[in-house]
Amino acid sequence: MVLNELKLHQTTINKVIEQLVPDIEKGCELVKESILKGRKILLAGNGGSAADAQHIAAEFTGRFVKERKALPAIALTVDTSALTAISNDYGFANVFSRQINAYAQENDLFIAISTSGNSENIISAIHAAKKLGCKIIGLSGRDGGQMNEICDLNIVVPDDVTARIQEMHILIGHIFCKAVDDTF
Ligand SMILES: O=C(CO)[C@@H](O)[C@H](O)[C@H](O)[C@H](O)COP(=O)(O)O
Ligand SMILES: [Zn+2]
């Protein structure tokens with residue numbers, strides 16, 4: 001079983017290497033552009049993707065590898081009072097869009113993470129971010145779902161298994177962090 005899981009991961013990473021390098025490079029450019037313009041990064045996802053959102057945000061506000069200045073990144077998944085109040089009062093579909101409306105400004109970057117590309121609260125948040133003039137990178141999988149139509153760039157991991165897709169998302173997030181480190 002263990003060897004098989006590792007081999008499945010290897011198959012997915014090989015597909016990412018063959019198919020996604022240009023998209024990941026575009027994502028690096030969008031992330032660098034927003035940081036160099038002094039804009040902030042907002043991130044959101046559900047479940048494992050919520051963990052990815054806060055993991056990536058912390059690489060920017062803290063540090064990834066290199067010593068450099070603190071950079072503005074906010075995960076919309078971490079404030080349990082906001083998460084519960086918004087979900088309770090406005091419905092779970094609005095849990096991220098409401099926070100986007102509170103924090104996002106024109107030319108900020110929203111990194112929306114959903115392995116299916118279809119989670120309702122992520123789709124609503126993308127619509128809200130677009131209305132405010134944000135740029136949007138999707139990290140998704142399967143067929144990319146609704147995120148194909150509404151993101152500036154939807155990076156679709158070519159796999160149908162949630163775990164494999166998430167493993168590639170955090171790798172891509174780390175590559176974004178390396179691209180930013182390299183600009184300082
Ligand atoms: O981490 C996992 C499975 O590996 C789960 O927590 C998973 O993230 C949750 O089922 C999410 O609700 C899936 O949502 P999404 O990726 O389709 O947007
Ligand atoms: Zn997971």
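Keep in mind that glycine also has a Cβ here, set from the backbone N, Cα and C atoms.
Curation plays no part in TrEMBL annotations; they are all automatic predictions.
Note that the structure is a prediction, hence the values are computed from the model and not measured.
Copied over from TrEMBL, here are the features:
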type    : residues                                                                         : note
DOMAIN  : 31-184                                                                           : domain 'SIS'
BINDING : Asn46, Gly47, Gly48, Glu59, Asn88, Asp89, Ser114, Thr115, Ser116, Ser119, Gln166 : substrate binding site
BINDING : His55, Glu59, Gln166, His174                                                     : Zn(2+) binding site
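Shown on the structure are the features that TrEMBL records.
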residue: Asn46; record: substrate binding site; Cβ contacts under 8 Å, 6 or more apart: Ser114, Ser119, Asn121, Ile122
residue: Gly48; record: substrate binding site; Cβ contacts under 8 Å, 6 or more apart: Thr162, Ala163, Gln166
residue: His55; record: Zn(2+) binding site; Cβ contacts under 8 Å, 6 or more apart: Ile170, Gly173
residue: Glu59; record: Zn(2+) binding site; Cβ contacts under 8 Å, 6 or more apart: Ala73, Gly173, His174, Cys177
residue: Asn88; record: substrate binding site; Cβ contacts under 8 Å, 6 or more apart: none
residue: Ser116; record: substrate binding site; Cβ contacts under 8 Å, 6 or more apart: Ser140, Gly141, Arg142, Gly145
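Ranking the binding-site residues Ser114, Gln166 by how many Cβ atoms sit within 10 Å of each one's Cβ puts Ser114 at the top. Checking the binding-site residues Asn46, Glu59, Ser116 against ligand 1, the ones with a C-beta less than 6 Å from an atom of that molecule are Asn46, Ser116. In the structure as shown, the Cβ atom of His174 (Zn(2+) binding site) sits within 10 Å of 15 other Cβ atoms. The binding-site residues near ligand 2, defined by a Cβ under 6 Å from one of its atoms, are Gly48, chosen from Asn46, Gly48, Asn88. The average pLDDT computed over the domain 'SIS' (31-184) stands at 98. Secondary structure from DSSP puts Asn46 (substrate binding site) in coil.
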